[in-house]
Amino acid sequence: MVTVTLPDGSVRPFEGPVTVAEVASSIGAGLAKAALAGKVDGKLVDTSYVIDADAQLAIVTAKDAEALDLIRHDAAHVMAQAVQELYPGTQVTIGPAIEDGFYYDFAREQPFTPEDLEKIEKRMDEIVKRDLPIRREVWSRDEAMKVFGDLGETYKVQIIDEVIPKGEELSIYRQGEWFDVCRGPHLPSTGKLPRAFKLMKLAGAYWRGDSKNAMLQRIYGTAWAKKEDLEAYLHRLEEAEKRDHRRLAKQLDLLHMQDEAPGMVFWHPKGWIVWQQIEQYMREKFVEYGYQEVRTPAVMDRSMWEKSGHWENYRDNMFTTASENRDYAVKPMNCPGHVQIFNSGLHSYRDLPLRLAEFGSCHRNEPSGALHGIMRVRGFTQDDAHIFCMEEQVEQEVADFIVMLQKVYADFGFNDVLVKLSTRPDKRVGSDESWDKAESALAAALEKNGLSFDLQPGEGAFYGPKIEFTLKDTLGRLWQCGTIQLDFNLPVRLGAEFVAEDNTRKIPVMLHRAILGSMERFIGILIEHHAGNFPLWLAPVQVMVMNISERQAAYAEAVAEALRRAGIRAALDLSNNKINYKIREHSLQKLPYQLVVGDKEMEARVVAVRARGNQDMGQLGLDDLIARLRAEVLARQ
């Protein structure tokens, strides 16, 4: 007798072993038809999986979150079958489900083309229509290596021989005549794959991610449970493309990058204004929350990086140089320099907490393939700060930091923030007692600020637990920016200490913290979040003043000058172009306000105001306009 317990608590007895599909059929024909997989005691399995002992079972349908990975994994297999049917001799390697889709890597001498993708997608449709049963088989390692070897599938032989652990059961999934090595699980048949997939792009990929190995051809695709979901995803991609910071940065003349300085940014005047506004704002927040700003050297001797542990653990990502028989490294992080400032004087417990902040310019030797506009660079600036405090001060310091962070994010237009608390890993420094106190302090600080959080057990760094803050932008994309990290290790390595109340020397707790993260990346996020429509306080040009004809040129100049004297970033267009052309051109620059002056405005000593989005605000006197603009800037709307 086998007893199966369902999610609603009901129990179904069976005389002997039973498959997931049979349980679904016993519940109802509708569920049997909708079943894509099962969860047996929490483990995702095929519908053909045999339950031979009492178990808990949930039937997985297209409505369940777990179904999406199954659908994407099956789409990858169907694509691989389509490729091998259309292009015999092509070798398949690996093809997993990934976020928003799937990919498969192929070994083929002739490169795939965009036209090939259309053919492959059409063949995938045909394979789905065939409704081929998908069956799981277990083969011996020797049998599998011989079969794939005879087929010329050298990559599969290597996977079986080197990647799959020797003691692991070797499963093969077969759909029609096509089969592949795979752990599964999979859908019951190709016909269960929703026709809501699309092949997206081609890329190169080294075998097993090693540049010493052969270059393979990767085909990316996306797959969803419903066509409506696919269409919504494609729409989001279109929106993301319109908002791409690389395109908008060029359109708005903010910055550029070039091959002579890979991963480094050339900031143009307009882009640098945005940078300066953000830096000035953060500097105000440093003062408001009791931080002291410092500056540390960009290049330090190898001995410093050896003491901090960076030379041993991070050297491949550091730019190094030598001079006068000494080795140096360009700093990849600011923390060792801040410890040196702390160590430069004797500190009492009364001096703590000590908060040191820096717009620290760092460089990391990121692989060229990982660089992406200003989102992933080699030279970047962090809004970095380190708090030196006593254990009993940690909770309050973290709580105050969270208040500061929430205010900053809200002012930049981000109100949806996800929080993760990562706790002790197996390998760590520090006592269990210290970790207990630290983790409790972080959790308490979050609760004090009314923040819910996802607990990530074992995901903390070896030197301390951390909180990560992730922003959700207008398109629903997630960007991890803020962090606060306890460090039990670096103060010890670099000899930081303070005089305690009992006159003994003690080691401070060090809190690493950032809100924006990399300034470059944060500006990239801002550009995409606002689609280049910077709020007034950040806009490089806040107001454009335009005359209709030469008669109003002097008045237009006087208006622009008055705005500048009032602290408004105003520009002037006195060109001979028609006013509609001027308005259209400056609208493409996404300016917050455009002021038009004609004869009527000049005579009445007013301006005609157009707000972004083609909003006609009518005529305003200059004093009223300046008051409005100043209020909007101060409110950071």
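Glycine residues also receive a Cβ, built from the backbone N, Cα and C atoms like all the rest.
If you check Swiss-Prot, you get these features:
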BINDING   CYS335, HIS386, HIS512  Zn(2+) binding site
DOMAIN    1-61  domain 'TGS'
REGION    244-535  region 'Catalytic'
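When pLDDT is averaged over the domain 'TGS' (1-61), the result is 92.
According to its DSSP assignment, HIS512 (Zn(2+) binding site) is in a strand. In this structure, the binding-site residues under consideration are HIS386, HIS512, and the one with the smallest number of other Cβ atoms within 10 Å of its Cβ is HIS512. In the shown protein chains, 22 other C-beta atoms lie within 10 A of the C-beta of CYS335 (Zn(2+) binding site).
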